[in-house]
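A.B. asks: In case it helps, Swiss-Prot gives these features for our protein:
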- Cys190: active site, acyl-thioester intermediate (ACT_SITE)
- Arg87, Gly88, Gly89, Gln90, Ile91, Thr92, Tyr93, His94, Ala159, Leu160, Gly161, Gly172, Val173, Ser174: substrate binding site (BINDING)
- 47-236: domain 'BPL/LPL catalytic' (DOMAIN)
- Lys156: site 'Lowers pKa of active site Cys' (SITE)
Amino acid sequence: MTGAGPAQAGPFRYTLAMHPIQVIERGREDYQPCFDAMRAFTVARTPETPDQVWLVEHPPVYTLGQAGDPAHLLAPDERIPMVQIDRGGQITYHGPGQVVAYLLLDLKRRKLMVRELVNDIEQAVLDTLAAYNLAAERKPGAPGIYLSDGPHRGAKIAALGLKIRNGCSYHGVSLNVQMDLAPFLRINPCGYAGLETVDMATAGGHWQDQPVTAAQQPDIARRLAAALCEVLAAREARALAADKTAATPALAS
C-alpha cells in the first residue's frame, strides 16, 4: 500500500505557555513511515527540542499495542494490514475520515505525569466534540472518549494510546470524523467485544447549522490541536502559580 507523504502545510506554533508546541500537518501518510518518524524524533530529541503535535490521516490500517492480543482481530481483511507497535492498549483501526494527533512531548520538562497527560488529551477531545454539539464522557479504566447521549450513547468516538520513552511521549489520539466504520466490525475495538464505534457525522455533530462532513476534517484537526495546546498550557499555568505560591514567604501576623 502506497500513500502520500507528509504534506508541506505548517508547522505552526502555539505559544500559550512557557513551552510552546509546534503543530505539524502531515496530511495523509502511510502508518509505518509515520511510526518510524515518531520513534526517530523521540530518540534524537534533546532537552532543547521543541514539543510537537503531528496531525495525520492514515490509509486503512489496524494497529496492535505492544501487549495486544491478535485474537482481537476477528476477521482479517487482506486489504487492511495490521502493524504491531509499541504503544499501550489493544487493537484499533485508522483510516480516511479520521483525525490522528500524535503528541511528542517532553514530560520531564513539563513536569507532567502520564495520567495527567491522558486526562488532558481526553479533555481536549471533549472540548472539541462540544464545539460540534456532541456530548461525550470518559469511562473509568477505559481510556478514550465515549458518547454520553443520543441513540449511540456509550459508543466510542476517540481512541487513545501512548508510549513513554526516556520521559518523552509519542503516539496519541484518534478522533472519528466521517469514515467507513465497517472495519471496526472486524475487531474488538481496544479489546472490548461488542463495543460500538461511531463518528462525528453519524452522531449528528454540527458546526452552527452545518452537519459534520469529511470536508470539515482539516478544521476539526486544527481545533483539536488547539484544544490540546490550550489544556496543556492551562495545566502549566496552574503549576507555575502553585510554585510561586509555595515560594512566597508567609507574612508574620
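Any Cβ shown, glycine's included, is placed from N, Cα and C.
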A.B. asks: Once near-sequence residues are set aside, which residues in the chain of Lys156 (site 'Lowers pKa of active site Cys'), 6 or more away, have Cβ atoms under 8 Å from its Cβ?
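C.D. replies: Correct list: Gly144, Ile145, Tyr146, Pro189, Cys190, Leu195, Glu196, Thr197, Val198.
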A.B. asks: Look up Gly161 (substrate binding site) in the DSSP assignment and reduce it to helix, strand or coil.
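C.D. replies: Looking at the DSSP assignment, Gly161 (substrate binding site) belongs to a strand.
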A.B. asks: Would you report the average pLDDT that the model assigns to the domain 'BPL/LPL catalytic' (47-236)?
C.D. replies: 96
A.B. asks: So which of the binding-site residues is most packed in, judged by how many other Cβ atoms lie within 10 Å of its Cβ, out of Tyr93, Gly161?
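C.D. replies: When each Cβ's neighbours within 10 Å are tallied, Tyr93 tops the list.
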